[in-house]
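Chemist: Found this in TrEMBL, in case it helps:
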- 9-124: domain 'Pyrrolysine biosynthesis protein PylD N-terminal' (DOMAIN)
Amino acid sequence: MTRLKEKDVNQITAALGDYNEELVRTTGCSLNEIAALASGKEIDCPDKQNPLVAVIPMTCGQGIIEGFVESVAGIIAYLGFQAVVTKNSDAGGVAEAVKKGADILFMADDDQFVAINIRTGKVSDNGEATGKGYVTGLECMCHGLEGKKVLLLGAGPVGSSAALALVRKGAVVSVFDINIAASQRLSGVIEGLGFSVNIVTDLESSLAGHQIFVDACPAEKVIDSRYITKDTMIAAPGIPLGVQAEGLKQRLTDRLLHDPLQIGVATMLWEVFESQKL
């Protein structure tokens, strides 16, 4: 998973209200609605039962990112769930969460960020959830994806999840990755599930030939401003944002979906939430 920096997360909680308003303007759906749709859940479920969600700091690898667990807990609380950050980290944090009666655990190290429902055994991975959540938001923004051409940039975990979500929604998907073997692996997985994607190797011509993009790669300025038109729609789960900054706000008003954590965390939560079993 991409390792975030403190500057990526330190303003998330305070800005959630404004973020959600912008999301509604862009997609017609709130953060809760996008995450629930991506997970195949009913939006009114949390009003009936409200699980306790514990976010556990993890010190392994490169250590704790300042503000990360607080931001995750802030997103969860904004969605209407009970959220706590454990005082202890690592195994001690897990024990503390269980003793407090937590139903769902969130934890991240350098390699994986997961949500675990300890009542049902359901696990949600951030990469998979982020891909699904962003494609759902893109579908709302585009008023459907059936038969529409989409260029996917990046065939890693997020891109792979996005690719599957896209083809299941009927999109015509082309995949570009600087490592063609990654594109080929993804194509094989998709074909094994009864769908198909096109592998492309000429980035410039592919950018010129598409209006809808999913940017799931960790590179900057992949989508040059010359490829952005009044009809361009971009879902960009990649960090940093791969769209050239020049003229970005003017060219992509209400047509860019991008955040460091919100959609991924919200979708993870809804994926492991089970109203009938908690």
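Yeah, the Cβs are placed from backbone N, Cα and C, and that goes for glycine too.
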Chemist: What average pLDDT is reported by the model for the domain 'Pyrrolysine biosynthesis protein PylD N-terminal' (9-124)?
Modeler: 91
Chemist: Work out, from DSSP, the number of helix, strand and coil residues along the domain 'Pyrrolysine biosynthesis protein PylD N-terminal' (9-124).
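Modeler: For that range the per-state counts are 46 helix, 21 strand, 49 coil.
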